[in-house]
Amino acid sequence: MSTQQTMTVDEHINQLVAKAQVALKEYLKPEYTQEKIDYIVKKASVAALDQHCALAAAAVEETGRGIFEDKATKNIFACEHVTHEMRHAKTVGIINVDPLYGITEIAEPVGVVCGVTPVTNPTSTAIFKSLISIKTRNPIVFSFHPSALKCSIMAAKIVRDAAISAGAPENCIQWIEFGGIEASNKLMNHPGVATILATGGNAMVKAAYSSGKPALGVGAGNVPTYIEKTCNIKQAANDVVMSKSFDNGMICASEQAAIIDKEIYDQVVEEMKTLGAYFINEEEKAKLEKFMFGVNAYSADVNNARLNPKCPGMSPQWFAEQVGIKVPEDCNIICAVCKEVGPNEPLTREKLSPVLAILKAENTQDGIDKAEAMVEFNGRGHSAAIHSNDKAVVEKYALTMKACRILHNTPSSQGGIGSIYNYIWPSFTLGCGSYGGNSVSANVTYHNLLNIKRLADRRNNLQWFRVPPKIFFEPHSIRYLAELKELSKIFIVSDRMMYKLGYVDRVMDVLKRRSNEVEIEIFIDVEPDPSIQTVQKGLAVMNTFGPDNIIAIGGGSAMDAAKIMWLLYEHPEADFFAMKQKFIDLRKRAFKFPTMGKKARLICIPTTSGTGSEVTPFAVISDHETGKKYPLADYSLTPSVAIVDPMFTMSLPKRAIADTGLDVLVHATEAYVSVMANEYTDGLAREAVKLVFENLLKSYNGDLEAREKMHNAATIAGMAFASAFLGMDHSMAHKVGAAFHLPHGRCVAVLLPHVIRYNGQKPRKLAMWPKYNFYKADQRYMELAQMVGLKCNTPAEGVEAFAKACEELMKATETITGFKQANIDEAAWMSKVPEMALLAFEDQCSPANPRVPMVKDMEKILKAAYYPIA
């Protein structure tokens with residue numbers, strides 16, 4: 001009694017899937033090693049290869065389509081090329097280990113596969129899908145085309161039996177025995193099926209994609225081949241005739257139209273005729289198109305054209321007999337000259353038979369346009385071929401075609417399935433990508449039947465320590481300007497105060513002592529909190545002058561402005577909008593700063609002991625149009641040379657000493673507790689904090705040696721935060737300074753005790769940075785407190801002690817401890833708090849803070865910071 005008589009379709013499908021699930025469990029057992037799987041594949045492929053002729057004969061006999069010899073070749077291709085391509089591929093367990101990046105890849109089967117096969121390539125497709133399923137340890141259940149059922153089962157049985165004999169699970173390959181379309185649909189929609197491997201007509205492929213599960217389906221092709229005037233004519237004609245006649249044109253990648261440049265049209269046609277192509281006349285064409293599509297060219301019902309299902313894979317002689325025309329006995333393809341591509345010419349549709357449309361191209365663009373029209377005419381995503389020796393034409397063709405395989409100087413049938421004429425993956429399932437409504441654009445192969453798991457070991461982000469290549473320090477170190485090589489055209493960036501104090505003249509005096517003559521241009525219009533508008537003004541002067549060195553002398557404003565002028569001088573295409581965007585990892589930012597130093601060097605000479613800009617990759621620029629302050633950061637902005645000469649600070653007013661000195665303290669403190677703090681920056685940060693507590697008050701009171709120490713402390717802190725970055729104190733201070741026009745050092749100082757206490761609490765929103773493997777800011781504040789001699793036994797005590805010590809230093813230097821003391825109206829301040837907090841969150845300094853600075857928390861800090869400390 002047959003299976004069909006003893007069970008329903010539902011029972012049959014359930015049984016097949018249940019057996020496949022058992023096979024899947026078997027495949028997952030440890031004994032199925034890579035070596036065993038490869039052995040099974042080898043035995044199964046050889047068994048199918050041994051029967052390639054018998055299978056070809058069975059396919060031709062059952063379907064009545066195609067050519068025996070070509071089907072035999074396709075069977076060999078499925079056994080040989082497909083197996084060769086995956087012979088050394090790892091598909092079991094651990095398939096790749098990358099110790100450098102800490103990634104281990106593990107391959108697992110996707111699960112039970114539903115394999116759907118066509119009438120056009122029944123046995124070769126069954127072999128192909130069976131072998132790639134074995135290679136990936138996936139049980140497969142086939143739904144064979146009813147018109148090729150016997151030969152397909154024959155192919156699957158040969159592979160299955162050989163695989164089981166070699167050790168494969170008993171039900172590794174199965175097939176539906178009855179039920180037709182109903183059974184096929186039930187299999188595709190069965191919850192036990194993991195994926196669908198579908199090759200066939202549009203309706204079947206759409207059904208696969210509608211199943212609600214992953215499907216590897218393909219789309220229809222309408223493949224053009226453009227025979228361009230620079231081609232090898234004999235080769236092109238040979239390829240087209242060979243490809244189109246192969247298995248009577250049943251491969252979906254076969255040419256459906258040849259578009260020939262007018263300059264070589266006659267030669268190509270004659271060459272094709274010598275190879276067996278028969279060109280029909282208009283009367284014969286009318287008969288053929290009527291038979292194949294039910295309509296005639298340019299008739300009223302051309303849009304109703306449908307391919308006669310009897311046509312695919314039939315011989316030219318069969319067509320001649322059906323339509324009542326005569327073709328030579330040795331004719332291998334029928335060619336029909338068409339006027340255009342589209343519904344008006346039915347023969348420019350996909351035909352899957354040895355019938356080829358022929359069109360003449362008036363020029364290269366016309367040829368490409370006609371080919372594009374073919375692809376767009378129900379062939380999107382599949383394939384397109386071109387025969388040409390003009391690289392520019394080939395590239396233009398490839399860029400134009402919405403096809404996933406562009407086959408160059410290649411017969412498209414053999415080129416499309418891969419491995420013979422090129423190195424495309426060998427396959428009988430050709431993906432068409434989104435152009436054709438498919439999930440894959442490549443040739444489907446074993447890769448597509450694997451789930452790749454990735455074991456990712458923890459890896460710290462690469463970190464960096466970068467400072468200017470040359471840093472000169474000690475009193476009177478400005479003299480190095482007379483010795484530095486390659487200075488001839490110097491552009492000095494400064495502000496009017498520096499000019500009035502004679503600092504610019506000091507620089508010019510040293511430059512004039514050089515052994516070579518120098519040209520000097522000065523720009524002294526930099527304002528506090530320099531703007532992009534000022535930068536553009538200075539840049540215009542710089543572009544006219546064309547310097548080979550830029551010298552910035554002054555505080556942070558002059559140096560920051562000079563950095564951006566330098567950038568735009570070397571790279572006028574640089575986009576300020578992109579530069580100001582926030583990032584988490586400097587190396588992975590969305591915008592890449594360009595390489596600097598090709599046109600000029602940047603030499604920075606600080607005249608205040610605070611910003612550290614002379615050694616950092618940062619620049620803070622304001623935009624008068626938006627009223628916002630933007631901290632820019634990239635190592636491209638690191639100056640070429642820093643000259644840290646304390647003589648420029650000896651006459652600084654006390655207020656500037658205090659403001660800039662407290663800025664140094666904040667720089668060092670934030671660098672030390674930053675999530676990006678590291679062994680290279682920690683020592684610098686600690687030393688800077690120590691120098692500030694030992695020397696700031698002395699410097700404030702006029703001690704010249706202490707001023708030298710503070711000048712060094714500023715640069716040391718700059719080197720620390722250049723690599724460790726800053727935190728939320730600076731984020732908020734940037735916004736306060738922009739909104740109320742207060743000195744930067746004063747802003748960060750007022751906020752510092754509040755930020756220390758905030759960061760010193762165990763956070764509920766933890767910071768994200770791989771090297772920062774647990775919260776430790778409270779411990780680090782305690783370390784700083786103990787280093788400067790404060791008594792504390794616990795992190796909590798250390799946090800409070802350090803915050804109070806900072807407050808005491810502020811009071812000792814007569815610095816405000818609340819923004820109210822800056823004569824800011826309380827209502828005006830409070831109204832700005834929400835905006836300042838939000839902008840502070842967007843600030844580039846926020847990501848390195850040791851706890852995530854929540855907007856609401858920053859609002860609380862800003863409100864509290866308005867009121868002076870008692």
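Any Cβ shown, glycine's included, is placed from N, Cα and C.
Counted within 10 Å of its Cβ, the other Cβ atoms near Cys252 (active site) come to 31, all protein chains included. In the three-state DSSP assignment, the secondary structure recorded for Cys252 (active site) is coil. Residues or ranges marked as active site by Swiss-Prot: Cys252.
Under the heading NAD(+) binding site, Swiss-Prot lists Gly431, Cys432, Gly433, Ser434, Tyr435, Gly436, citing sequence analysis as support. In the three-state DSSP scheme, Gly436 (NAD(+) binding site) falls into the helix class. A sphere of 10 angstroms centred on the C-beta of Gly436 (NAD(+) binding site) encloses 25 other C-beta atoms.
Fewest Cβ neighbours within 10 Å among the binding-site residues Gly431, Gly433: this applies to Gly433. A sphere of 10 angstroms centred on the C-beta of Cys432 (NAD(+) binding site) encloses 27 other C-beta atoms.
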